[in-house]
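Residues or ranges marked as domain 'Major facilitator superfamily (MFS) profile' in TrEMBL: 10-451. Residues annotated as transmembrane segment in TrEMBL: 9-32, 44-64, 76-93, 99-122, 134-155, 175-194, 301-322, 329-349, 361-379, 400-417, 423-450.
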Amino acid sequence: MDDHQKRNLTFFTIGLIFMLSGIEYAVILPTIWKYLQILEAPPYFLGLGLSAFSLSGLLTGPIFGLWSDRSKTTKSIILFSNVFEIAGNFMYFVGYSKWLLLCSRLVAGIGAGAGSSIFGFLTRSTRPEERAGIFAAIMAARQAGLLIGPAFNLFLRLCDFKLGPFVVNKYTSPGIFMCLLWVLLQFAVLAMYWDVPPIGSEEGAAGAVNLEMKREGEEAPLMGSDEEPVNTYRALGTDRSESSASIRISSSFSLLAEFLREEVVVLLTAQFITLFNQTALETMVTPLTQRYFGFGELGNSLMYSLCGVEVILGFFFVRWLSSKVADRAVLAVGLVICCTACIWCLVFLCNPRGGYGWELSAFIIGVFLQLLGLPFVAVSQVSLFSKVTAEKTQGFSQGVRRSVGGLATILGPLWAGGLTNNLYIMLGMMLALLLMITVSRHTFTFYFLIH
């Protein structure tokens, strides 16, 4: 099997990983609240359970990324991280107490931290001009998981039997189901995942190594033949120790300086604001549809399915568009669409008037615009971030980016949850954040600095 075939199978396997993460979210989210109620958990445990997964992924992402940067491999990291997904979902299945359920989401979230290593690998294994398209396909795979996940709930809710000492019902079955899927994924990773180099990069890498060796040879000091050998060896050992320490300190300062550059700050801010607004709107939508339109479980399920289809189509459109225009232009379009969506919601949804038909139409347009802008911003900011940060520390950099996003997914629902009856404040703040990142001088600097 040549490198091209290995590369395609590896990317397919990465798509499976992200699709499973979407399926896991979709099969657990609808039942976790009832599950916690059966275990006599107080209401705030729902927020804890949903945030626990993001919190552990937020903390472990940079660690896994640093590991991949130093080892230059990701296969072993994925196999290791999937063990936490398997263990966490099995703990969710067992579910003897609310604390075990909370710990199960914390443990499973550790496995999600490997996403930073995967994005680092994709950056090193793709050409800049094809990167945005591949990122779009990977993100679409997760959205596909979110879309087909509810279909699995159709048969999982029918489960009612015992598996040894464990009860399998509609609340515990998502845990054992996802546990089995992650076990199957381990075999897929073993069979179809390779840490392949970029296509056509072997000669370039060899040339770079030779050039580096030549430079080291030119810069190495010559030893005088009349010097005492023992003293010379001691001096060299001391110099090497001091040089190693200096290199480590210099690397740390260089890494810190990299994250303080204007374009990097802009992209991290865009990551935070986009996910903060997205999760805030997700939190707001269900109470809003119940209050104004009387949607039940069926109506909300249909709405989420249509939203999933729109987002998937959006990602594939951005995949095509990224081959035609620059990533920074895609980002600008996405931010403008998101601002338009927020303005629309502020005008037409905060104090709806005009009857049921007009209110429903205004709501549909607002949601459509918000979801339309999401793929533009998500794909472009990931692609641009991979281009403005150093390739050798890409895993750690992607870990920091995903940690920023994880923080947003924790704070977004907390912000929106307490303001479902004060939409002017909630949407006003979201619009202010979007306008800040859209019209800031850093954005314009960023447009001109990035190639």
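Here the Cβ of each residue, glycine as well, is placed from N, Cα and C on the backbone.
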Considering the transmembrane segment (134-155), which listed stretch of 9-32, 99-122, 175-194, 361-379 counts the most C-beta pairs under 8 Å: 9-32
Chain residues in Cβ proximity to the transmembrane segment (9-32) (below 8 Å; excluding those fewer than six residues from its ends, i.e. six or more beyond): 46, 49-50, 78, 85, 89, 92, 101, 108, 112, 115, 118, 122, 125, 134, 137-139, 141-150, 152-153, 156-157, 170-171, 174-175, 177-178, 181-182, 185, 188-189, 192-194, 196
The transmembrane segment (99-122) vs the transmembrane segment (361-379): 3 or more CB pairs under 8 Å: no
Which of 76-93, 175-194, 301-322, 329-349 contacts the transmembrane segment (361-379) most, counting Cβ pairs under 8 Å: 329-349
